[in-house]
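**Student:** Below, the features straight out of TrEMBL:
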DOMAIN    6-151  domain 'Transposase IS110-like N-terminal'
DOMAIN    222-305  domain 'Transposase IS116/IS110/IS902 C-terminal'
């Protein structure tokens, strides 16, 4: 059976399509962003073909992958950073050029798909990321409230001037008197927004914990046994990484999360350019935060930290985070809870 190779440059409203066979471009066109339209077109014009298709991962998510796969196509979702590009693709970037380049690379076998999460993991991940959005929104509205108080010369009492806002602090702000109604309404609106976001933040956190305990019970409690891994970090591992057992080794997992250095080697010289920028940034930040706790709870990590106390603390905490990740990998692979051992 003949092989058909399709490169898609996908956007919100349209897709640029290049159809190629035996290194020859057969069709180039733009189509509405609808998988069924593309499937129907290929079925009419190229019957009895095995179809391979690829597109770059983007804001459109994985619904395109699932729709095309359901039609019997082989689909690759590719990281744009992993696609080799010549001078033409860099200096002349159009949707047509991009889709043709994807089709050409696909037929040459030079493309590798990223990991495609299951529907269950993908939607669990959405709720996990929603929590992070709420954290950012809460931080922003807190700054707005404090900025307004500062602008009008209202000094916040020292007992309330911290990151944890109590009910008494909110009541204190509510009771402030303004000379005119517009300022009263402005502050009231900000406080109501804060209370709404706070309620949503607590609700989403409870839903995440409840879902993880119900649907990922075994792995959740295995992760929680590792020092420095709290409920949120355990949920992040389950949502962002999925099944940790799919990784070949700890180096593979560390690279996926981004706890490896970015290296530049030439001849006998090798330079480290710091931690890699390719990462699961949110999850990596949680692991780094948890490493500070792990260094206090795990005797072996405590000794490791004390022996290197004079080193750069930023580099040291990354190493501790990598060791914590190694413990995570071990407990999931073996299915055994982590037991603290004396050094």
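Cβ from N, Cα, C; glycine included.
Describe the structural context of each listed feature in the structure shown, including burial, neighbouring residues and relevant distances.
**Tutor:** Residues belonging to the domain 'Transposase IS116/IS110/IS902 C-terminal' (222-305) score a mean pLDDT of 90 in the model.
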**Student:** Treating G and I as helix alongside H, and B as strand alongside E, what does DSSP give for the domain 'Transposase IS110-like N-terminal' (6-151) in helix, strand and coil?
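**Tutor:** Counting residues per DSSP class in the domain 'Transposase IS110-like N-terminal' (6-151), I get 74 helix, 36 strand, 36 coil.
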